[in-house]
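Worksheet: the structure to be examined is printed underneath.
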């Protein structure tokens, strides 16, 4: 049957049901207990070496046995037979000196399976059976040295593998295979050689069969034998465009589940799995029964992971029969629609999407650009050369560029040697490789050494179209992305126009003629040196920057790269100025859309850190703003060559320093003083018999005082956090001594805390962790955006006593339900704590607690956490605590079930009929003074401080009261003053040292309302819709008011009035996460939380400032507005700025529309998680409405008819609608 027809037929089957692959062939053969003579048969009875164990040979010596096994699997329900050719390549057959029989074995195996499959298809024509020609991994590995003393050695080459696989593929096709199955991949480079061979044979024979790919995760590390993660492995072979991608062997279904789940999420094609029947026992046997295995398969299928299922080692026809029973009628996994992205990999994946931040390509492993690296390669000091690569990765390079083009080097041999050595260093090989050479043979040699998906640097049209197309096709077959230089037969592009012309021509050839994915095309439009003294060179940087923007606009999904250090070449020897030039140049390139650059990752300067006078001079040069810009830069360049800054701090002794060491430690803990904690802790250690006694004695005594004072309300949360910082520093000093003496101190329990997947907010979680640590609980904090799999895996590994989940956005509630279900499925017996801004006792009782049989406790604030944990971990207190909890939850559920809305629900039709009544005929919407997009980069923090609303800041620290009155509060006033001072001191540092960056943008677009939605137009002609913003409407009875919807405040399309809508996104948190992590690493939880709280306030202040500027200057409908900060906080202005995820527009995915409309991530670097949380966490976004009647409102509960209408307008099915509208669905 023709390959294309087979593909269509199989894809139809896969879309309708879960197909079954057969089970273990080796397992069935072992059941016959064959001896040497059985393997030999008559034909090979005089073979010169032992043949026992050569299972593939049985297709020649015992074909009836193989036929019977195939028959048994088809009778059990299998749809796809695998040929008995797992070890039938010439390379594997060499173990038996049978290389010459490889072709025959593959042919006969396919022919035999074909006959059996055709027989069963004839019996049941409505269920066709297919033959998958199997190409196994061979017994050699192309990525790993078999010699521990020589990590660069290989016992098989890429070309040898291609030759062996090509012979097998031809025979499998000739024998009648419907598909080619590349399976049990433990080394992805072997599989890349195999796929290269398969595609070459397809081209040679002018036939294309569907290809199935199946890898092997070898152990609990979640990686292949050669070290790749599931996603990295997928990215490396995605170019094959297989019909299915899957996992098999090594693990049983329990261990393999997590990785099949990952694959089902990332794979654009169908997903297969054929696990082992559990893990082998002490005798090498597999114990998982068909019924038990089918139970796992049923759960996988119902979870939506599967399109094909089968078995590997230890499985039998009975296993397949039971699987067939449990998947019958279960809907197969639906293919996901994934965003267009360049998906690269080393040992780990690197996905570059439209909204990704700038990608740094390390440049120092290049003999033409690094004298040190060239010397090391020339002297064959490869170990030291590897350290150069590792330094680049450690300094932030996400890709490393490797170039060996030097006249006195054998570039091809050096490239192969170095890449093979890199493969043995996980800290280097975790990132993708850019194979860089001007010689095609060197590029090909490099591509044959990298198992991940790398990048070729580079090809061009310099030698004509024919050669360009030939090389591009091979690069695609090797599975790499490509950099295309702006170079053709005329020469290098040095003007903006030539750059566009060449890149456009190359793009059209690659996409339209070669079939190269546009997202894997990276253009290098040539970076040339500026400030050379030659006038013709002055505009080189401007030409590049402008060409970047043109290419990004006109060549969809293509990316831009370049060798950044070229631009500053005329200042070689003055690294300070060169780094300033790089910083300025990159800043402008990135703003225009540049995706990546080849840079020295260890010497990247930050744009804002360049001194203002130098930055201005550099910008004059880069942007060609003045005729004398080169001379002005030269004048001040020398001044910066050896600039240095020093700082001395004085310490002063205090009276309490004369106290006994135990009291000094207590004083430091209570007062939060870190200055002397290490020396006092050391003194206490010397006085103690064992170092652990210092923790269990004076330090815990001091923390008990802190806990008592906090419990009595005499200390407040900020002070407790400072105390924890002191404690951490003391413990950090003692840890080496404790470890050396193998002592273990007692704690009250071990608690795992995590912000769930898709959510980036963790201030509350961090505070809870600190409070619990102060009460002698060991805390394992996994941070933010933590997957369910990671939470539960670490919980098991660390043997924790309690798991605590946190989240701020509403989609996190569903993720918490998922975690609870998984804990129940996996048999956890730990209490589960639930907390975060969107959580509630009602949601916990109704949605979470009923999915998990162990205690699930809603913790509404940090002060309650200690009491809850104490009760849950106490044998005496737990029974009564849980009993009261159960009674309370039952009461909450009853209240929820009886709860009636304050007003009755109405139909959507009725609600729409009661929309806000606005007389549009007598109202003219204001036209913006400055329409379009406005970007505020590195905005002045001092301006934002004037717009801070401090009341929520104190609430973060559990100090309740309104600012400024809280500063004079009888109980908390003194602590509020200290906290306020610390925050402002930190803000002073933020301003002075640039610790945080604030970035923001707003945009004003022509718009009209169409029913409940808002059409946003590309321009003032209003002929093309750029985006539709979808809205919900209040859906309860409103006898004296309206059923509000945000679209009511935009002029209807039919009114003929030209209205406008605004959008904005701001962050005050660029750098906040890194700072917080740095403070945490130094044991300073107080400042870690403080920087987060301050960043949050700056983000909200930025939103307030920008809205005012829009009203007064940009939109300009309130030019004479004069409001105090208090007036602004009280919203006494005209217009509103509702935010997706909040009451007036509670559905979070509308942020995605806003991001696309304004190009937020490209413009200012803010991104969205899978749950539509904003990153950085200290961010605000929303829409601007100008109508004087516009007001805030809450949607509350909606009915089924509105959910269906909303789903239809969004293009969702109802499952998707229920997921995102859940909190509002009645």
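Residue numbers in this text run from 1 along the chain shown.
Each Cβ is built from the backbone N, Cα and C atoms, and glycine gets one as well.
The Zn(2+) site in Swiss-Prot is built from 312, 313 plus one of 249, 414, 422, namely 249. Highest Cβ contact count with the domain 'Pterin-binding' (358-619) among the listed stretches 7-327, 748-883, 899-1226 falls to 7-327 (criterion: pairs under 8 Å). The two recorded residues, residue 1137 (S-adenosyl-L-methionine binding site) and residue 249 (Zn(2+) binding site), show a Cα separation of 55 Å. Under DSSP, residues within the domain 'B12-binding' (748-883) fall into helix, strand and coil as 66 helix, 24 strand, 46 coil.
Nearest Cα neighbour of residue 759 (methylcob(III)alamin binding site) among the listed binding-site residues (249, 313, 1192): 1192. Other than the site residues 249, 312, 313, same-chain residues with C-beta atoms no more than 8 angstroms from the centre of those residues' C-beta atoms, the Zn(2+) site, are 24, 184, 248, 250, 274, 275, 276, 311, 314, 315. Put simply, 806 is the one of the binding-site residues 761, 806, 862, 949, 1192 whose Cα lies nearest to the Cα of residue 249 (Zn(2+) binding site). A simple Cβ count within 10 Å picks out one of the binding-site residues 696, 759 as the most packed, and that one is 759. Among the binding-site residues listed here, namely 312, 313, 949, 1192, 949 has its C-alpha nearest to that of residue 806 (methylcob(III)alamin binding site). According to DSSP, residue 249 (Zn(2+) binding site) sits in a coil region rather than a helix or strand. Residue 862 (methylcob(III)alamin binding site) sits 23 Å from residue 949 (S-adenosyl-L-methionine binding site), taking the Cα positions as reference.
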